[in-house]
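*Asks:* Annotations per TrEMBL:
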DOMAIN    A:20-245  domain 'MacB-like periplasmic core'
DOMAIN    A:298-414  domain 'ABC3 transporter permease C-terminal'
DOMAIN    A:485-611  domain 'MacB-like periplasmic core'
DOMAIN    A:683-796  domain 'ABC3 transporter permease C-terminal'
TRANSMEM  A:21-43  transmembrane segment
TRANSMEM  A:293-318  transmembrane segment
TRANSMEM  A:339-366  transmembrane segment
TRANSMEM  A:386-409  transmembrane segment
TRANSMEM  A:436-455  transmembrane segment
TRANSMEM  A:679-705  transmembrane segment
TRANSMEM  A:732-752  transmembrane segment
TRANSMEM  A:764-784  transmembrane segment
Amino acid sequence: MLKNYFKTAWRSIVRNKAFSLINIIGLSIGIAASLLLFIVVQYELSYDTFQPNYNRIYRVATQDKFDKDITYNSGIPVPALKALRAEFPQIQFGALQSAYGSQVTVPADKNETGNKFIEETGVFFIEPQLFDVFKYQWLTGSPASLKDPNNVVLDEKTATKYFGTWQQAIGKTVVLDNAITLKVNGILKNTPANSDLPLSVIISYVTLEKCGQSYNHFDTWNTTSSNFNIMALLPPAVKMDDVDRGLLQFSKNHYQPLQSNSIKTNFLQPLSTFHFDRRFASFGDHVTSKSTLLTLSLIGIFIILMACVNFINLATALSVNRSKEVGIRKVLGSNRSQLFGQIMSETAVIVGISILAALGITWAVLPYIKHIASIQEQLSLFTIQNLIMVVSIGIIVTLLAGLYPSLVLSKYNPITALKNKMVTAGVSGVSLRRGLVIMQFTISQVLIIATTVAISQMNFISKAELGFNKEGVLILNGKSDSISLSKQSAFKQQLLQIPGVQSVSFNNDPPSSDNLWSTNFAYNHQPDEKFQISLKFTDADYLKTFGLQLLTGRSPVESDTMREVMINETLVKKLGIKNPNEVIGKVIRIGRNQWYPVVGVVKDFKTSSLREDIKPTLITTRKTFYYCTGIKIRTQQLANTQLAIQKVWNQFYPEYAYSSQFFDENIERFYQQEEQLSLLYKIFAGLAIFISCLGLYGLVSFMAVQKTKEVGIRKVLGASIISLLQLFSKEFTILIIVSFFISVPVAWYMMHSWLNNFVYRIPLSSWFFITAIVSSIAIAWITVGYKAIKAAIANPVKALRSE
Amino acid sequence: MIKIRNLEKIYRTEEVETVALNKISIDVKEGEFVAIMGPSGCGKSTLLNILGLLDDPDNGSFLFNNIEVANFNERKRADLRKHNIGFVFQSFNLIDELTVFENVELPLIYTGVKSGDRKKRVEEVLDKMQIMHRRNHYPQQLSGGQQQRVAVARAVVNNPKLILADEPTGNLDSSNGNEVMTLLTDLNEQGTTIIMVTHSEHDARYSHRIIRMLDGQTVLENIMV
């Protein structure tokens, strides 16, 4: 019986080639698109799950409650480590201090300065106890390798990169940031890519005792840095809420005496949220919000649904042609369930072919997945999870697409069916078809609106007035050790000799970045203000190099230490002062330092991404913090100028690797996820429209055949071609208009929430919605047009004879 | 074999009520060859549909082999039909996607005959109908006469007790028509009961008895000598 089902199914597919092709193309694209999205979502959800104690690992994070807002920090003051161990003896704690952006030098005989490697991520000072919390596989050595100072453990790929093979690395020395000599005495297996704590260079934590200051590791309750984290492994019986209650008391005991302007509280952040909580800094390559994953999953489901809709619509429309076959089978003794089984098997054959095609498409597209998702790892299509997913998709799609047509066809009365009197699948069939077309166009229009809004917002961001000049500024990452600092002045002079260089500024941070150095402060001999200010340490050429504009006063004079300060417009406003001139000559104290005079007010510039408000900012001088060199260069002869800059760098700092980025590229990176989402909307809106049009084309083709006689009669009676085109397009136009009214509130809500992520955003104007309806109708007319025109201009005599 | 009494079938729409069968009573004995004739709309096809268990009457009794089947549900009717009744239609009603062999095989699949037996029986019947050489052809590749022979082969493959033929020669030329009528006569001689609806007096002469209908009732019965 089954063989017969599949045989008939296959022949029916071959016979209705055009419709089968429409179904297979739609389904395979739909399944491939969804499969890709599900692979991405599944990968993102898999972060850190390989940790055996995944559900018991937490980070002790910090919350600062100010008068008006709350800030979160993944870090904690350094002394908390000892206190936590004393007060929570039942919990295992392990600490780590990140040192990313470090340079590791591997001494080499031939090369005097050794081989230099800049490690942007993966460099940590780690306690051996951390390995009680997080489990990593050791190729050689053990956590005890990190007991003594100046020991380092490398991961396999880093060891191979430094020494050729990991075996050769053992016992060798490397130098961290040209200052700390470390001996390699352990090798870890590479951390899986889906980890939020990827380790490459692991230095023993006790090494920090001598060099902590260079890594902002201050043993004081007053400083909280996101670079210092304490991880905790809770015993199975201990609940997070109980520990959080204990931490509340712990916070009161340790932070209240500090009399800070905020209420500081420690609490546990579960490992399962590390990858999804954008409030906290991540040591991994990216953080993905759960709402993004939900959006991706929904798009995946919608695309599959749209393909199923095509199948249902075409199958029920075609059922008219199949009534004879159903009638014969019934007469010959087939019962309803057998017919149901037969039609379901036909669906299964089409879905099966589509799945094979979808697997091919997915396999071809998977290597490019990194453009729409932050996945650098080469993902494999043929895994058990994906196999289960494909089979599940197959079953669900077969049921979704096949159920209704099977029920409709198997219900036919054999006599009516044999007489081919099944004009349509019944009134309910037509209404269902309309309903499904409405659903398809609703999804398409929501995606069109989402796409246009996302593109416009990203355009707005790229063209937004930032308050500084981001073009043509090269950022060099330098060091602020005493030797390097002593060469800075000569280095600057030499750079300025290069014809393409316009100006050079040493600073700790460019005007806009995702770094945050903030502190409490007091103004004009008042008590501490109830909000924090962000700090930037720069030389006098900062404004010139980055194109910042002075509102009043002047820049602080050149000095190695803090002497004068300049503040931004936002800080003036937050202090409740209307006239910026009023602050000139007043004094400001940051932290517990002395009072410094305000000498200038700088016009507001965007201090971080446009998602956030401009931060109240103070700009001052302090040479020891000048890690960064900003170089404004002329855009002509860019390559030559860059080469010349590198040459000067190598001449002055042969012991440091040269590393540069353009400032505008750094800014673009702020919006990487938004750019990806915007690209994703573009792709999937395109696919959604394509699938809808495919279905529409199928339906119109069917309609053209059904209406051959009607068109013939109308033509004989004098109908114009235009009126005949209306005959075909009127219904679809009405359906699109109905779906527009459904899509408007959905899209409005969705994009309103998305735009709320940005402080600086475009208004959700009616043009986005008008574009969606106009383009949908236009695309639908073009789709319908070809078939409709063909039917309308056909010779009416032929049409009538065909009856 | 068939005994119907006061059978009624009324088609109703919102405004019109059409009496298709008006308290009709007919007997057909096993081994008979009966022709039903009458003008269009007299109820011949409705009667044939009810006799073939494709439709159910509104009133009256229908005994098939002494079993009352008038009130059978769809599943029971399908079951009785597939084991006892074969159909031959004017428009052949072959499935275009299946070959000659597969079309003939279909009733055997529905009655659950095993694959080996099916093959044997289909080949036997195709041989008998002299279309074995066309076994792998599709219906569109055959002439009308050949298609009807396939339809007859399909009707008899299950060895039904009753064959219902609805204008079996209606779409055929006279020579092919005669061939089909000869086939039916042969089957009847081998013991199969045949009830045939026809407009053709020529075809009706092959039968033992002609029942003439008008407005849903039998008006005359001719016994053929």
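Sequential numbering from 1, following the chain as shown.
Placed from the backbone N, Cα and C atoms, the Cβ positions cover glycine too.
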*Asks:* Could you pull out which residues elsewhere in the chain have a CB under 8 Å from any CB of the transmembrane segment (A:436-455), counting only those six or more residues past its ends?
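*Replies:* Here the qualifying positions are 299, 302, 305-306, 309-310, 312-313, 674, 677-678, 681-682, 684-685, 688-689, 691-692, 695-696, 699, 732, 735-736, 738-740, 742-744, 746-748, 750-751, 754-755, 762, 764, 768-769, 771-773, 775-776, 780.
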*Asks:* Tally Cβ pairs under 8 Å between the transmembrane segment (A:21-43) and each listed stretch (A:293-318, A:339-366, A:386-409, A:732-752), then give the stretch with the top tally.
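*Replies:* By the under-8 Å Cβ criterion, the transmembrane segment (A:21-43) pairs most with A:293-318.
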*Asks:* Against the transmembrane segment (A:679-705), which of these stretches has the most C-beta pairs under 8 Å: A:293-318, A:339-366, A:386-409, A:732-752, A:764-784?
*Replies:* A:293-318
*Asks:* Residues sitting near the transmembrane segment (A:293-318): Cβ under 8 Å, six or more positions beyond its termini, same chain?
*Replies:* 16, 19, 22-23, 26-27, 29-31, 33-34, 37-38, 40-41, 44-45, 276, 347, 350, 393, 396-397, 400-402, 404-405, 408, 424-425, 429, 432-433, 436-437, 439-440, 443-444, 447, 677, 680, 684, 687-688, 691-692, 694-695, 698-699, 702
*Asks:* Over the domain 'ABC3 transporter permease C-terminal' (A:683-796), work out the mean pLDDT and round it to an integer.
*Replies:* 84
*Asks:* Please work out the helix, strand and coil residue numbers for the domain 'MacB-like periplasmic core' (A:485-611) from the DSSP assignment.
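*Replies:* Helix, strand, coil within the domain 'MacB-like periplasmic core' (A:485-611): 28 helix, 39 strand, 60 coil.
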